Amino acid sequence: MMATSNNASCPAPMKATSNGAFQHENPLDYALPLLILQICLVVFFTRFIAFLCRPLRQPRVIAEIIGGILLGPSAIGRNEKFLNTVFPKKSITVLDTLGNIGLLFFLFLVGLELDMRAIRRTGHKALGIALCGITVPFVLGIGTSFALRATVSKGAEPVSFLVFMGVALSITAFPVLARILAELKLLTTDVGRIAMSAAAVNDVAAWILLALAIAISGSNGSPLVPLWVLLSGVAFVLFAVFAIRPLLVAMANRSPEGEPVKEVYICITLTLVLACSFVTDTIGIHALFGAFVLGTIMPKDGSFSGVLIEKIEDLVSGLFLPLFFVSSGLKTNVASISGGLSWAMLVLVIFNACFGKIVGTIVVSLICKVPSHEAVALGFLMNTKGLVELIVLNIGKDRKVLNDQAFAICVLMALFTTFITTPIVMAVYKPARRGAPYKHKTIQRRDPDTELRMLICFHTSRNIPTLINLIESSRGIRKRGKLCIYAMHLVELSERSSAITMVHKARRNGMPFWNKKQDDKDQMIIAFQAYEKLSSVNVRPMTAISALNSIHEDICTSAHRKCAAMIILPFHKHQRVDGSMESLGHSFHVMNQLVLSHAPCSVGILVDRGFGGTSQVPASDVSYKVVVPFFGGRDDREALCYGMRMAEHPGILLNVVKFMPPPGTSLAFGAKLVGVSSNKDKKAFEVVGGNYYDDKQQDDQLWSEFLSACNNNNQESMKHEQKLVASKGDIEAALKEMNRSNLILVGRMPSVAPLISRSDCPELGPVGSYMASSDFSNVTSVMVIQQYNPSTDIHPLVMEESDYPDMPDTPTS
């Protein structure tokens, strides 16, 4: 009889799979198809909100929290039919379980991001800020708990509620803060370093406090139970450090760089994550602790941790983790905050959370002699909440410590405090990029024997053979040290854990950073290091990790810091097998335009059509024909000077073609605008021109220098010719004759009529945009060169200060 009554009161468990719609069965009545629909809906919805939040530069966790709330009973879920169809109560257990599995592995990744060695090295400033950033909000949280218990949480167990509210207000979300700092390019600033160190200490302290809160909330009256829970938790941590870590270190040591990690090692580690989670859940301090502790004790050096991250991050953070946010959202009913008193409590909680963190951090920062604007930025950065906050609140809700109203209030508090972080920090803290002024910002210079420094950027390994062949062609005949190359790998910053891990590595030496480790197995770096050993060129590999919409700032500031005379960028299109040009994406196109606008030196955009072939050419085998079409103007002069530099290499034959208009006319041939438009609506790119007669005088002077160099060179490696052209057609015909050479160096904005009326790359100018098109050639690489013009450098990214300390720039080999 008892069994019958139980069956009547409990809904029957859902079967896993249906027989299909043709068998007249609704797939949504079965666990697996319903779960698949839920995952697809959640991922699509949260990604859509993340797309909407992108202009506000918000971390993705904000979109996922908002998405979860909107899908729950606060918004879309108010429709009972939708809620009962897509998120019926009988499916919530499966949804919660899968979301928590994702959460386990995500917190394992968070532990991997947390470097305990860095915490041990934390300075007194960061330690003071962290301790105050926990203590003040915790005390205010205790005060807030009394107000909430008197109003919206009557009957809550006092000690548990007090500790949970203290923890909820005092947490700083370490993973979210890392992403915000990376997005705002603050990781390498003093503020970023202090914030990350303080947040790491805060994170560890928060987990300890949360363990305490869980232990207290789980006791049924006996004061010894929390004590046993905490002692067992400490015993587990010690066991993990002294028994499990040696096993992990042994597996890491047997996974050398450059070789695949054994599948059994991955399997053992992932099983350990689940086993540790089971142990901590059995102890009574939640399964998440086991996964987090295992992540923190993982060896961080070598390839083992990196491979683990690659194996699990996309599946976990892409598919499973959003389920946890929806699970939270389904428990959050904003409508439960009703009446003036409840809204007053929400304002009080937000005020106390912000006041405790921000004011507490600012006061300690000022005591530690941190500048006031940096102290304010630190205050708001430390106020970042996120995933860990939601975990705390969910545990409190599941343990009946927080009721619906208190839970909704705290979720909105976490959302608000994180949402305001990015815009306020951007408003109050703009770190000044400062640097010492330097002399040689162009290839054209009075003394050609001075060291030439170039910053060469690349996205993928596809660019590397061409770039190495270009470096070899540029080295001339000068002694070692006369050409210094900074090879910068451009890496897009994403929400993935591996990107943040790379940023942490970058942060150790400043971003962009030196690859000082000799055992670095990055194939792109190895190629440049191998070339350096074989040649007399200093090559310094670097990496810039940034969002593509602001990576131009890293490029330009690095060029200034390294005193570069030229930045070389890959064209935003690459050549396909059939010879046509395929775009790599609009972001790279915009990046090139922004570098052209803000560069502190000359810029070259390389349209790569296989310069030197698909592999590195040995110095003795170099045999290239380089052509410079010379129309006149600042950019053409820079192109000619670069060509003269290349001609010093014994394997380079330089041919300069000087275009001459008929007497009394110009090469513009009556065109109103010297430039080319990107479409019918847009205005043409105009030449930033100087005085015509000044340009003519400087052109003639450089031409005479070139002629004397030709004479001194006995016509062996430098040739020249003059062509009289009467129309655009004549210019096109002359350029077509060059399309069998290896490389063409052309100025970006010569005073020439546009050779094509429309182009999707107008920033390359009237001649460059024509040469970049598939119609021109499929074998000749083109470099479009813009000479640095101090008169147009009105808003530099780096403010030059004459008393700024000049830092040693090139490490000795």
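Using the three backbone atoms N, Cα and C, a Cβ is placed for every residue, glycine included.
Lifted from TrEMBL, the feature list:
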{"type": "DOMAIN", "residues": "45-425", "note": "domain 'Cation/H+ exchanger transmembrane'"}
{"type": "DOMAIN", "residues": "480-619", "note": "domain 'Cation/H(+) antiporter central'"}
{"type": "DOMAIN", "residues": "624-662", "note": "domain 'Cation/H(+) antiporter C-terminal'"}
{"type": "DOMAIN", "residues": "704-789", "note": "domain 'Cation/H(+) antiporter C-terminal'"}
{"type": "TRANSMEM", "residues": "30-49", "note": "transmembrane segment"}
{"type": "TRANSMEM", "residues": "61-77", "note": "transmembrane segment"}
{"type": "TRANSMEM", "residues": "97-114", "note": "transmembrane segment"}
{"type": "TRANSMEM", "residues": "126-148", "note": "transmembrane segment"}
{"type": "TRANSMEM", "residues": "160-182", "note": "transmembrane segment"}
{"type": "TRANSMEM", "residues": "194-216", "note": "transmembrane segment"}
{"type": "TRANSMEM", "residues": "228-252", "note": "transmembrane segment"}
{"type": "TRANSMEM", "residues": "264-295", "note": "transmembrane segment"}
{"type": "TRANSMEM", "residues": "341-363", "note": "transmembrane segment"}
{"type": "TRANSMEM", "residues": "407-429", "note": "transmembrane segment"}
| Close approaches to the transmembrane segment (30-49) from elsewhere in its chain (Cβ under 8 angstroms; 6 or more beyond its ends) | 14-18, 60, 63-64, 66-68, 70-71, 86-88, 91, 94-95, 98, 318-319, 322-323, 325-326
| query | Which stretch, 97-114, 126-148, 160-182, 194-216, 341-363, tops the Cβ pairs under 8 Å count with the transmembrane segment (264-295)? | reply | 97-114
| In the same chain, which residue numbers or ranges, 6 or more beyond the ends of the transmembrane segment (194-216), come under 8 angstroms Cβ to Cβ? | 114-115, 118-119, 122-123, 125-127, 129-131, 133-134, 138, 159-160, 163-164, 166-167, 170-174, 177-178, 181, 186-187, 225-226, 229-230, 233, 284-286, 289, 292, 361, 365, 370, 378, 381-382, 384, 388, 391-392, 395-396, 399, 507
| Have the transmembrane segment (341-363) and the transmembrane segment (126-148) got at least three CB pairs under 8 Å, pairs 6 or more apart in sequence? | yes
| Mean pLDDT, the domain 'Cation/H(+) antiporter central' (480-619)? | 75
| query | Restricting to the same chain and to residues at least six past its boundaries, which positions have a Cβ under 8 Å from a Cβ of the transmembrane segment (61-77)? | reply | 41-42, 45-47, 49-50, 52-53, 83, 87, 173, 176, 321-322, 325-335, 386-387, 390, 408, 411, 414-415, 418-419
